[in-house]
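K.L.:
TrEMBL lists 1-21 with the feature signal peptide. Among the features that TrEMBL reports, region 'Disordered' is placed at 17-115, 134-174. Look at TrEMBL and you will find 28-49, 55-67, 85-100, 134-157 tagged as compositional bias 'Basic and acidic residues'. Among the features that TrEMBL reports, compositional bias 'Polar residues' is placed at 68-80.
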Amino acid sequence: MKKIIAALSLGMLVAGGSAFAQTSTKPQDQKPRSEMRAAMKDRAQKSPEEMAQMKTDRMAQRLELNEAQKSQLQALNMRQAQEMKAMRESHKATGEKSTEQRAQMQEARKANHDQWQAELKSILTAEQYAKYEADREQMKQKRADGRKGQKSGEHKKSGEHKKRGEYKKQQQGK
């Protein structure tokens, strides 16, 4: 009888330990990937005016902007959104892009962003800009943490892309 109880308790302990080891480490506030994709698709379909308004509202809330700052930021975001839309449309019209053209596009986007940053700095107070920079660094770190192990081509080095293809072929053959 004692052996049976000991065996059952040991079995429960092992089962509980393995169940605990399989719990997800995903943060509870993180949205499912499908929701994030839908949000990105919605964002891509918004007009420059809507994008500028969303960005302004989000920044006004986080940085506690006054009305004058909010209106200046709205104008800045509106101008940037329209410039980015014009850039996207001109690049779509050119069709296939060479490496040199891509580098030029990237340089133009960087120059546009640097100009936006400089104007933003003139609108915000030193404390607000410091908070903005801290938030930006935090988001950059989150993105970097999310991409760990998914560096460019890393899955190809391990041969995972081939394994996935073989698996699909096996499933289709059945």
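We count from 1, first residue shown onward.
Cβ coordinates come from backbone N, Cα and C, glycine included.
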K.L.:
Which residue counts does DSSP give the compositional bias 'Polar residues' (68-80) for helix, strand and coil?
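P.N.:
Across the compositional bias 'Polar residues' (68-80), the residues distribute as 13 helix, 0 strand, 0 coil.
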K.L.:
Report the DSSP secondary-structure composition of the compositional bias 'Basic and acidic residues' (55-67) as helix, strand and coil residue counts.
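P.N.:
Grouping H, G, I as helix and E, B as strand yields 10 helix, 0 strand, 3 coil.
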